[in-house]
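Notes for the one structure printed next.
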Amino acid sequence: MSEPRISLPPLDEVAPPASRRLHAARAAVPPLADDRQGFRAVIARADFRKLWTAQAASQLADKFLMFTLLIVVYDLSRKASIQSLLMIAYTLPSVFLSAPAGVIADRYDKRTLMIATNVIRSALVLIIPLVEVLPVVGHQAWPLILITFLFSGVGQVFAPAEAASIPSLVTREQIMGATSLFMTTVILTLVLGVPAATLAIRLVGETAPFYIAAALFALAALAIWRIASPLRASRAPTAQAASLRSELQEGVRLIAGSPAIRLGLYQLAIALVVVFTVFALGPVFMVHELHRSDQDTYLVLIPATLGLVTMAAVLAQRGGNALSKATMLVAALTVAGASLGAVGVAPRLLDGLGARAAVVPVVLVLSGVFGCALGGLLIPAFTVLQERTDEETRGRIFGSIFAVINAAVAIPLLVAGVIADVVGVASVVAGLGVIIVIGAVVTRLAYWGQLAVLDGRTPPAPTAD
């Protein structure tokens, strides 16, 4: 048989040694007699509930803080460019430090790392009100930008340590439910953080959100401190002598050598690029296409969030093995692309038909459908990444994954607005939808067999020429 031109290696091409069995091969914690699927089942596990509490508190604090800083920095400088510098200071560490942070998560006790990062972030946040009243540095934007850079850098350690801890606190069958809950929490804190910060500033002043955020980070640290399950370093002390560079390279090799992890990474990256493109263009779309204030963007975000939460609840209830991840990938891509394309063309189409009053309701419904499809992309992808990594290397793999994703989502933040200024925001949204649908069709027709690895099956062997 001749060498195939294009192929993916089987799921378990090389069997891991006994000390590095994949999580997919066994439950990280023993199942309980009354284990069920769904959010209530995973929350019933005390240690997972504490980790989830920490995630919710820290995510809300993070979004709460960043929106407040955007307001404060603009009030101090009256320059949008300074706001951009703040966002660069916030996002730059995630691109360059995520992969090394993953290595750290493997080398050291994850519980200790998560406690330390939340305590340090809480302390950094408390410095902000103090800096504002000090001579020389007070009432200037650059100290806030510097603190933001340090804050973001410390936070990079928390993400891979947290992600790598999830499979150690639930059974394999509950990973889908746990992932659904975590992804839902991320979106909800993003949506709720903005109005909550605005309300706090209006009611009690600009410094109050900093104290609230610091308290939330402290709550997260306390919740993790109460976790009883061991989340120790996955490598023996004698094995920690390996260089940071070699461990980073190992993480990249592990991703490259696993078709399931690669596909999960691609799926997650595509979903997040779409999400951040929509977030970047949302305010412009509201103004130019729906003729509403840019502050009304929540009208689109709320139904999309409800759609995602609905899909998350469905997937959590059905469990990770009840639905084909390959089928969900193609279906979610198709629905996401079709609904996004429809959002792009609906306002002008309905205007032309004399049904202007129906534009906003139609867009809201389409946003809800898009949110459901988004959940069908994000949650199975993250579940695959959780299932197909082992305890010893999970931290560095997630660190490398987060580095790739953070670099990918920076693209729409940089170019989406520029392209929209040239061709129009409706054209960008509709065009993105068409591209996604084409991608779904190509995936189904050309790569369907290769998607078998997402469901733990070996892809069919390619035929010889």
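Each residue, glycine too, has its Cβ placed from N, Cα and C.
According to TrEMBL, the features are:
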- 82-105: transmembrane segment (TRANSMEM)
- 112-134: transmembrane segment (TRANSMEM)
- 140-159: transmembrane segment (TRANSMEM)
- 180-204: transmembrane segment (TRANSMEM)
- 210-228: transmembrane segment (TRANSMEM)
- 263-286: transmembrane segment (TRANSMEM)
- 298-316: transmembrane segment (TRANSMEM)
- 328-346: transmembrane segment (TRANSMEM)
- 358-385: transmembrane segment (TRANSMEM)
- 397-419: transmembrane segment (TRANSMEM)
- 425-447: transmembrane segment (TRANSMEM)
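Same-chain residues lying 6 or more positions outside the transmembrane segment (298-316) and placing a CB less than 8 Å from one of its CB atoms are 37-39, 42, 176-177, 180-181, 183-184, 187-188, 191, 194-195, 278, 282, 285-286, 292, 323, 360, 363-365, 367-376, 378-380. With a threshold of 8 Å between CB atoms, the same-chain residues lying at least 6 positions outside the transmembrane segment (210-228) that come near it are 46-47, 50-51, 53-55, 57-58, 60-62, 64-65, 68, 111, 114-115, 118-119, 121-123, 125-126, 128-129, 169, 200.
Long-range contacts of the transmembrane segment (82-105) within its own chain (CB-CB distance under 8 A, at least 6 residues past either end) are made by residues 66, 69-70, 73-74, 76, 113, 141, 144-146, 148-149, 151-153, 155-157, 159-161, 164, 244, 247-248, 251, 394-400, 402-403, 406-407, 410, 413. Away from its own ends, the transmembrane segment (140-159) comes close to residues 58, 62, 65-66, 69, 72-73, 76-77, 82, 85-86, 89-94, 97-98, 101, 104-105, 113-114, 116-118, 120-121, 124-125, 127-128, 131, 398, 402 of its chain (Cβ-Cβ under 8 Å, at least six residues beyond either end). Cβ atoms under 8 Å from those of the transmembrane segment (397-419) belong to residues 87, 91, 94-96, 98-103, 105, 156, 159-160, 163-164, 248, 251-252, 254-255, 261, 265, 268-269, 272-273, 275-277, 280-281, 284, 385, 389, 428 of the same chain, restricted to positions at least 6 beyond its ends.
Residues 175-176, 179-180, 182-183, 260-261, 263-265, 267-268, 270-272, 274-275, 290, 292, 299-301, 303-312, 315, 320, 323, 325, 328-329, 331-333, 335-336, 339-340, 342-343, 346-347, 350-351, 397-398, 401, 454 of the same chain lie 6 or more positions beyond the ends of the transmembrane segment (358-385) yet place their CB under 8 Å from a CB of it.
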